[in-house]
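Take a look at the structure below.
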Amino acid sequence: MGACLGVCSLLGCVSCLCGSAPCLLCGCCPSTKNSTISRLVFTFFLFLGTLVSIIMIIPAVEKELHKLPGFCEGSGSVLGVQTRVDCSSFLGLKAVYRMGFAMAAFFFLFAILMVCVRSSKDPRAAVQNGFWFFKFLVLVGITVGAFYIPDGAFTSVWFYFGVVGSFLFILIQLLLLIDFAHSWSQLWLRNANESNAKGWYAALCTITFIFYAISIAAIVLLYVYYTKPEGCKEGKVLISINLILCLIVSAVSILPKIQEAQPHSGLLQASLITLYTIYITWAALANVPIQACNPTLLVRNSTSSATATQPLTTWWDAPSIVGLVIFILCTLFISIRSSDHPEVNKLMLTEESGAGVDSEAAERGEHRAYDNEQDGVSYNYTFFHLCLLLAALYIMMTLTNWYRPDESLQVLSSPWTAVWVKICSSWAGLLLYLWTLVAPLVLPDRDFS
């Protein structure tokens, strides 16, 4: 925790950290909205917690976690009753779960505090946009307290909290991806129409071809490595279903009636959604608890038994690394960007259009954050913190490969729960994208422009 405090000190002097968000903007940065700075700092807190979690599951560090005061002593005590739990069992998983709990509790606290804040004139807005040093101390305090939580049923119960939160965050990822795909296509088509340059159309075709080529190659690899000629029926069925669904949404996106209702819809969006769906399918198959059908499956015994015979296995695999990258991009997307589509802004409870830069400050050459929320908040504070809460649960599950220890905390295995959560989220995403295509036809009286 001392290292974390040292990192935090880099944000500025204590007087600045105790002040408002504008104070955090350095002189070399352009003038920026107060609301954007606040979201970025909260996102930094989430990334800092993620970094600590990653450090704790590094094998060399995991073996030393038993030295943390209170992390092992009494960890098998539940309501004063001592249970026989090996303290050296899955210390990395325990640490990540407690970091996830601390971050989730921190953002849940602010989600409750910021309910119904309407403008920066509300006293609670000052808490949202300032007092960063004290908020960091609160996060550190919750984290230290989380490491004293007894094992008992905590790990098993918190696993299901992580599953539900991760499912919801994957849906948010899909929503942001769909919005990004539509905005991307509209931008390039608009540039092509305005400049009459064929290069934009060539770029669209090239990117679309690359996305579909990667998707086809990935599907072939999934059939090769995650299925067998005899057996592995679950993998074959799941890959085939998602392949068929991707073909359906791709075909629907270029139907004449769809093109007439939405001229900007096309294969670029469908190819990006297809690629993400194949990734989710890969991540789901990586959790199939059948060794013959899952070459990346890790069935791990307790830390103590593992160290006696073999080196500790690294927690994350390729799907987890990709998931970590997507988590970072989506979290930054939530923090700094509002959608070009009013319907998405209404759903995500964000601003529809950003206010202009403070012209007076710009003329004076000042570089500072300005208050753009005097008449009304530009995003829903509570919803933003709930998104970060779900992101904390998602990264907790990603870093632990969605694995779950048994009741004795001696064997770590991958449950079917993780498989079905990911597969169902991919289906939900495809249905959501399909709805964005057919909605103008189903509801012709509404404006979807």
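In case you wondered, yes, glycine gets a Cβ from its N, Cα and C as well.
Look at TrEMBL and you will find 1-16 tagged as signal peptide.
The transmembrane segment feature in TrEMBL is assigned to 42-61 (among others).
Taken from TrEMBL, the feature transmembrane segment applies to 97-117 (among others).
Look at TrEMBL and you will find 129-149 (among others) tagged as transmembrane segment.
The feature transmembrane segment is assigned by TrEMBL to 155-178 (among others).
Annotated transmembrane segment per TrEMBL: 199-225 (among others), in sequence order.
TrEMBL lists 237-255 (among others) with the feature transmembrane segment. Counting same-chain residues at least six beyond the ends of the transmembrane segment (237-255), those with a Cβ under 8 angstroms from any Cβ of the stretch are 215, 219, 222-223, 226-227, 265-267, 269-271, 273-274, 277-278, 281, 284-285, 419, 423, 426-427, 430, 433-434, 437-438.
Annotated transmembrane segment per TrEMBL: 267-285 (among others), in sequence order.
What TrEMBL lists as transmembrane segment is 318-336 (among others).
Within the chain carrying the transmembrane segment (378-399), a Cβ under 8 angstroms from the stretch's Cβ atoms is held by residues 33, 35, 39, 42-43, 46, 49-50, 53-54, 57, 96-97, 99-100, 103-104, 107-108, 110-112, 114-117, 125, 128, 161-166, 168-170, 172, 315-316, 320, 323-324, 327, 330-331, 334, 338, 348-351, 354-355, 372, 418, all 6 or more beyond its ends. TrEMBL lists 378-399 (among others) with the feature transmembrane segment.
The feature transmembrane segment is assigned by TrEMBL to 419-443 (among others). Long-range contacts of the transmembrane segment (419-443) within the same chain, counting only residues at least 6 positions beyond its ends with a Cβ under 8 Å from a Cβ of the stretch, are 163, 166-167, 170-171, 174-175, 177-178, 182, 234, 238, 242, 245-246, 248-249, 252-253, 257-258, 261-262, 265, 269-270, 273, 276-277, 280-281, 283-285, 287-288.
Here the transmembrane segment (318-336) sits apart from the transmembrane segment (199-225); fewer than 3 CB pairs are under 8 Å, leaving out pairs fewer than 6 apart in sequence. Long-range neighbours of the transmembrane segment (267-285) within the same chain, counting only residues 6 or more positions beyond its ends whose Cβ lies under 8 Å from a Cβ of the stretch, are 170, 174, 177-178, 180-182, 184-185, 188, 204, 207-208, 211-212, 214-215, 218-219, 222, 226, 235, 238-239, 242, 245-246, 249-250, 253-254, 293-294, 319, 322-323, 326, 418-420, 422-423, 425-426, 429-430, 433. Beyond the ends of the transmembrane segment (199-225), by six or more residues, the same chain brings 185, 188-189, 191-192, 235-236, 239, 243, 246, 266-268, 271-272, 274-275, 278-279, 281-282, 285, 295 to within a C-beta distance below 8 angstroms of the stretch. Same-chain residues lying 6+ beyond the ends of the transmembrane segment (155-178) with a Cβ under 8 Å from its Cβ atoms: 93-94, 97, 100-101, 104, 269, 272-273, 276, 280, 326, 330, 333-334, 344, 347-348, 387, 389-394, 396-398, 402, 404-405, 407, 409, 417-418, 421-422, 424-425, 428-429, 432-433, 436.
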